[in-house]
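A quick write-up on the structure given underneath.
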Amino acid sequence: MELSGEYVGCDGEPQRLRVSCEASGDADPLQSLSAGVVRMKELVAEFFGTLVEQDAQGLAEDPDDALDGDDEDDAEDENNSGRTNSDGPSAKRPKPAS
């Protein structure tokens, strides 16, 4: 038995994480699976911790770039503050059939 996960970053490159959950001998398969889940959780935390550190270093190198990207969204949000949201379902209740 194996647990696997895949992360596709902004660059489009997939990163695979795999953990074997094989029960050895008389070991309970559920205990092996549980141990595999714990190992996978640790791998995921380590993997994303590394990505967060890399991202933080990128922001620390040029903090002005991080601030510049938000200006367009803020202006757009201000322009749309009085409009209704047309992306979701209608808030009106349907009329009951007579």
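The backbone N, Cα and C atoms fix where each Cβ goes, glycine too.
Per Swiss-Prot, compositional bias 'Acidic residues' is recorded for 61-79.
Non-local contacts of M1 (N-acetylmethionine) by the CB criterion (under 8 A, 6+ apart in sequence, same chain) comprise S20, C21, E22, A23, P29, S32, L33, G36. According to DSSP, M1 (N-acetylmethionine) is assigned to coil rather than to any helix or strand. Positions annotated as N-acetylmethionine by Swiss-Prot, on the basis of similarity to another entry: M1.
Positions annotated as region 'Disordered' by Swiss-Prot: 55-98.
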